[in-house]
């Protein structure tokens, strides 16, 4: 019996020594963590928040490692002592020993949870606790652990002394103890979960606050670190350098502190122990979300589309043409009809192109001015002299501008269909030579004058391409367009759609054909009846006549720096009488005008596309021309071969009933035209 008492004394001594060792190591861990905290506090405000999290985690890892190591040592000592004391006891005694170990592990878990709570508070308070407070807390927990170990050791020794007859009662007590321990673990797990949620919310708030500071300062660089191991700790490094936001090239970069922790076996054991007890050190998920957002924002780069053409392509519609936002519902899409969207198809195939939106019934002069402001941007100024001469308002609608930097040296390609070909010729003339009448009027009356009328704006157009354009006018306008009944019908339609509730815009608002907000429709009709438009030559119907076209030809000239090209179609066949008759596949509304032109007195004018004679579409009579070849030329009209069985709208695909003209054929035509425009830039580029 004395020998057993001596062994019991040695056991008490070893347990006490272990407790002292645990307390000493805890003090050392706390001192190390405090030293790290004091060193980190020297940084900026942003760094202090992030570094305190790292210090808290490092402290937790060291304490867990120390506790795990000492508990293992204690367990080994107890195991040796118990083996010497019990020797070959019954299996029930072995179960008793195992129960003691489980109880010790529970105490260890309680200690870890308590330490975790301290670290949570440590993180939330941004490392502002004093070293003395930490030491008091550590001493308190060390004392509790020491008392627990003594009590367990004493209980174990007394149980060993107990006679075998008392083992049954001990087993029953052990079962009760197990139930209590399980209940404690559930309670601790619940508390730990609540603690983690609170810690995660605080850390998320800290992260958001840090991001707001970073946005205000605009000088911080975030370096985001992430690890795939769920037990690892993510960290943010906020540097006060005046550099843009950067993300490390490595997917999962690690700091020196992480590397040292990785190599520390004790830290790994502590983290593993925390995992087994459902205890986490940081809210990793919230930081991963921030990391992903930062990486997405950093890696975003503005995509600058590269076009095949250096100079944008501007598509200019003809008489009675509209863009989709202002056209009557009975009309199809102008550029492509139901077959395709020409502008969109060009864009998808690498060509920058735009659809101009100008007056449907206006004169070439007014349309050219509108086209200038459509490209350049601004409020349309028809000119003081021009407005006074024809009796309409000086100013029109305001355009945003599709090419605001348009100026000499910054060129464009102008492609006009039908009357649009005349309009783009008028615009180029105004750019180069301006309007002498406007210049003189401004000298006499003062006021402002648009730069367009001052002239001297050469090298702004790379090429001029016309499709079925009546360069020399058309018999259709001579015979029908200027008849009183036809003119009245056309303008009545414009007047009807000019009411304030209509979205349709014929481009005659400067003539007063737009109902005012406080004006009744009856008042609007009476006012419009007195408009000078009905007898004016400043209209599209006049400019399409042979006289109107001849007047334009006299006022315009070829620019030696521009590539000119014309495309012509015909959709009539010769009869036995020598006249031209509309083909069966001609667009139905054009059969009347096509047959009318086919009966013209001048035989050379009879072949036509339904609206325009072939001879008028090829080139202006008073200007130089050549047959087009594979090699482009400047300063001369290049006439392409006439396209047979192509009527006036086949160039823009508006006839959906024409089975001969397919979508693929239309697409091929426009792709070839666009490629030709790109080739012409080699001749007209000012950067050679």
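The backbone N, Cα and C atoms fix where each Cβ goes, glycine too.
As written in Swiss-Prot, here are the features:
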ACT_SITE  418  active site, nucleophile
ACT_SITE  609  active site, charge relay system
ACT_SITE  648  active site, charge relay system
BINDING   647, 650, 655, 658  Ca(2+) binding site
COMPBIAS  45-54  compositional bias 'Polar residues'
COMPBIAS  68-79  compositional bias 'Low complexity'
COMPBIAS  84-95  compositional bias 'Basic and acidic residues'
COMPBIAS  103-117  compositional bias 'Basic and acidic residues'
COMPBIAS  126-143  compositional bias 'Basic and acidic residues'
COMPBIAS  144-172  compositional bias 'Polar residues'
COMPBIAS  173-183  compositional bias 'Basic and acidic residues'
COMPBIAS  184-211  compositional bias 'Polar residues'
COMPBIAS  240-267  compositional bias 'Basic and acidic residues'
COMPBIAS  274-289  compositional bias 'Polar residues'
REGION    31-309  region 'Disordered'
SIGNAL    1-35  signal peptide
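The sparsest Cβ neighbourhood within 10 Å, among the listed recorded positions (609, 647, 655), is found at 655. Within 8 A of the CB centroid of the Ca(2+) site residues 647, 650, 655, 658, the other residues of that chain are 571, 585, 586, 587, 646, 648, 649, 653, 654, 660, 661. When the C-alpha distances from residue 648 (active site, charge relay system) to the recorded positions 609, 655, 658 are tabulated, the minimum falls on 609. Comparing residue 650 (Ca(2+) binding site) with residue 609 (active site, charge relay system), their Cα atoms are 9 Å apart once rounded. Taking a C-beta cut-off of under 8 Å and a sequence gap of six or more, residue 418 (active site, nucleophile) has these contacts in its own chain: 317, 318, 319, 321, 467, 468, 469, 470, 611, 612, 648. Listed in sequence order, the binding-site residues near residue 609 (active site, charge relay system) (C-alpha within 10 Å of its C-alpha) are 647, out of 647, 655, 658.
Under DSSP, residue 648 (active site, charge relay system) is assigned to coil, being neither helix nor strand in the three-state scheme. Cβ neighbour count within 10 Å across all protein chains ranks 650 highest among the binding-site residues 650, 658. Just so you know, the Cβ of residue 648 (active site, charge relay system) picks up 31 other Cβ atoms within 10 Å once every protein chain is counted.
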